[in-house]
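Annotated features, as they stand in Swiss-Prot:
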type	residues	note
MOD_RES	Thr467	phosphothreonine
ACT_SITE	His469	active site, tele-phosphohistidine intermediate
BINDING	Arg575, Arg632, Glu761, Gly782, Thr783, Asn784, Asp785	substrate binding site
BINDING	Glu761, Asp785	Mg(2+) binding site
ACT_SITE	Cys847	active site, proton donor
Amino acid sequence: MAPAAHRDGAAEAVGQRVFHFGKGRSDGNKTMKDLLGGKGANLAEMASIGLSVPPGFTVSTEACQQYQAQKAMPAGLWDEILAALTWVEGNMGAVLGDPRRPLLLSVRSGAAVSMPGMMDTVLNLGLNDHVVAGLAHRSGERFAYDSYRRFLDMFGNVVMDIPHSLFEEKIEAMKAALGLRNDTELTARDLKELVAQYKNVYVEAKGEEFPSDPKKQLHLSVLAVFNSWDSARAKKYRSINQITGLKGTAVNVQCMVFGNMGDTSGTGVLFTRNPSTGERKLYGEFLVNAQGEDVVAGIRTPQDLDTMKDCMPEPYAELVENCKILESHYKEMMDIEFTVQENRLWMLQCRTGKRTGKGAVKIAVDMVNEGLIDRRSAIKMVEPRHLDQLLHPQFESPSSYGDKVIATGLPASPGAAVGQIVFTADDAEAWHAQGKSVILVRTETSPEDVGGMNAAAGILTARGGMTSHAAVVARGWGKCCVAGCSGIRVNDAEKVVLVADKVLCEGEWLSLNGSTGEVILGKLPLSPPALSGDLGEFMSWVDEVKKLKVKANADTPADALTARNNGAEGIGLCRTEHMFFSSDERIKAMRQMIMAETIEHRQIALDRLLPYQRLDFEGIFRAMDGLPVTIRLLDPPLHEFLPEGNVEDMVRLLSSGNVYTQEEILTRIEKLSEVNPMLGFRGCRLGISYPELTAMQARAIFEAAISMTEQGVKVFPEIMVPLIGTPQELAQQVDVIREVAEKVFANAETTISYKIGSMIEVPRAALIADEIAALAEFFSFGTNDLTQMTFGYSRDDVGKFLPTYLSKGILQNDPFEVFDQKGVGELVKVAVERGRKARPDLEVGICGEHGGEPSSVAFFAKVGLNYVSCSPFRVPIARLAAAQVML
């Protein structure tokens, strides 16, 4: 017998590899996900709180880890599995392989982190020609042979690696020959014939017979689940979702209960709340006379869960009660799989339900208002990526496209998507890599499609319901999906989709409304969403908890306004160079300045640029009224402002004003060309070589600040000098800026408060931060350049080798996306420590791309930064990450 249920299973489970569970008793509990996987831990938990769970056992993730290391069944494990099997047989009064009292098993995977459709499942294990005859005697021939043919298909595909399509061809051919549409119309005699054909597939595909010994079937199935951990699709899913550090998958072996025993049986999947909208109402699907995989795999399009009320009222009432118990117990929205066998309800699985961004925020806010959780728990419940989804665009005018709707499916994952039609996952990835937006159109998706699904802007399937593979994966990613669109027929071979009287080809534009299920012909305009309602309330809780300020990188008044609307507490980086590209007049003046050989000529060009800069700064100060604005002086190499193309084209363009001869221009271009421009003539080196450039920018800032102050706008300008490597560089630029300030203030007969600070992006600057802090009133880490110079990776060329580094495990993440805490992070720690030793009130922030990446934000909060600055659209994500690090 298994040990009785206990709540501290982890402490007593040292060395244990096989864990039992059944109603009212279990070896494990919900805290043991690392060891039992999410599925196994939750089965143990459901059993121990008294829900009807078919008895079974879980083989631990550590056993999988041992198998991966040895590439063989670990010593003694098979004996432990057989002992657990004997316990299950005793509980059920049935025996694996006994025709008189047949026990059938399911074998499922389950890692610590849910990976929908990534791992392999085998149902009805234990059937062979003898056992099926005994099962037929007890439960009817049709049920028995339907179970047998399903098992042959699944076992062949999952364990023996026989393509599912070979089995599908046989059943489709039989239905066509008999003039039938549905599998359920096949008779017992038809199914017997199909079983014979399926067994022949084994011989044709593998050159060997189907293994009829049930214990051999179990042995092979356990190994197949272990092997599925390293399958290409599982690796790809983990890579896309940045899932690392797991030991492997657990194996859950459970006695089968049957939803395909007639009209008093069925199977379903539900969420305790709507995962798309968060509405507090059971949301799910149900199939009468079916097995669980039929719902999840999208093989049959199921009915709404509400239909169960009428056909199975008692199991439905028990199910509703179980959902209340589970939500109250886990304090979470739960995803539940269940089966009804001859009017008896069985709970097969529960896990925390995947949800959209909209659903996540509403569920969190509602659960606080219901008194189920507190605000801090609500903040932990919403993931940064959920906010990313909520900030996705919607259609500008949903009412205007009514006449363009060509089909309607199920609204499987909300949001809007616009793209060109592709029919394969590979094409979706290839087109996406070329910068194209695509809609992946499939009859149904499978786990092999995850790469293409991730690359696509949206997904459209002809078959499958709200809990099909496509729907679950798309919702997890916040990707728009319309599923079960029966009005379309997909022809993969011809690369066309038929919709009513229309034939749509690869490359045609399609728009999807994942909130309504509408499929719209053509390319509709999209508009950004807003922070309001539940999201506004949730973000106010976030701001109560976080200590780290969140600013935005914004170069235009429009960007600044977006940042402010998204809750930014200032501008942490305004890149002045972007302003020079916004009109032909500006870029011409900039090129005139670059081509100038004398201070006088350069000053003429700078005088032309001054009003443009001043105007832009005024707009940004106005948008950020009352909040600080950090302006970085010119940073990029000057050659970036020259026309693109070959030298002859450049010369022709630059000489069109007849100011310089072609020879003079050619000489100047040659002088500006650099072998390694990112480490060359840029940043403060420009301002030191051309002090008049720094002077013009400082003057524009101060004049704009005074102008706005006179109009009643509260202005807090902060001037940031880029690429500082020595205190002498900063001292020279500070002198220029202060001299300009005095002149502007004298002319205007007024003064304003301002700060001068330094970018810390050269590793040397981090190491001598105490010397730089003597002159700088604030630091801002430019983590893009700091990463580039610390690793010695050119950001422009890293794509040539980074994919290899990631695939070989040399790097775990792209260091330009996820901040390197160990190496570059050490420089940040040193700079903060030394800088504050010299200037205790030193304000320190970061303004690289890492400012909006959640794990990076958590690190910056821990090392004592005052703020992070990120793109305007990532501000809410950074705010949430900054709050979560405090919990």
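Yeah, the Cβs are placed from backbone N, Cα and C, and that goes for glycine too.
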Seminar exercise, completed: Apart from the site residues Arg575, Arg632, Glu761, Gly782, Thr783, Asn784, Asp785, the 8 Å Cβ neighbourhood of the substrate centroid comprises Leu573, Asp635, Pro722, Met759, Ser780, Phe781, Leu786, Cys847, Gly848
For this session: Mind giving me a neighbour count for Thr783 (substrate binding site)? Other Cβ atoms within 10 Å of its Cβ, every protein chain shown.
Result: 29
Problem set entry | recorded positions compared (Thr467, Asn784) - highest count of Cβ atoms within 10 Å | Thr467
For this session: Count, for each of the recorded positions His469, Arg575, Arg632, the other C-beta atoms lying within 10 angstroms of its own C-beta, and report the residue with the smallest count.
Result: Arg575
For this session: Could you round the CA separation between Glu761 (substrate binding site) and the residue listed as 'active site, proton donor' to a whole angstrom and send it over?
Result: 10
For this session: Over all pairs in Arg575, Arg632, Glu761, Gly782, Thr783, Asn784, Asp785, the listed substrate binding residues, work out the largest Cα-Cα distance in Å.
Result: 15
Exercise. If you measure from the Cα of Gly782 (substrate binding site), which of the recorded positions Thr467, His469, Cys847 is the nearest?
Worked result: Cys847
Problem set entry | Candidates Thr467, His469, Arg575, Thr783, Asn784, namely the recorded positions, that fall within 10 Å of the residue listed as 'active site, proton donor' by Cα distance | Thr783, Asn784
Exercise. C-alpha of Thr783 (substrate binding site) to C-alpha of His469 (active site, tele-phosphohistidine intermediate): distance in Å?
Worked result: 38
Exercise. Which of the listed binding-site residues (Glu761, Asp785) has the least company, meaning the fewest other Cβ atoms within 10 Å of its Cβ?
Worked result: Asp785
Exercise. Among the binding-site residues listed here (Arg575, Arg632, Asn784, Asp785), which has the Cα closest to the Cα of the residue listed as 'phosphothreonine'?
Worked result: Asn784
Seminar exercise, completed: Looking only at the binding-site residues Arg575, Arg632, Asn784, Asp785, His469 (active site, tele-phosphohistidine intermediate) has its closest CA neighbour at Asn784
For this session: For each of the recorded positions (Gly782, Cys847), count the other CB atoms lying within 10 A of its CB, then report the residue with the highest count.
Result: Cys847
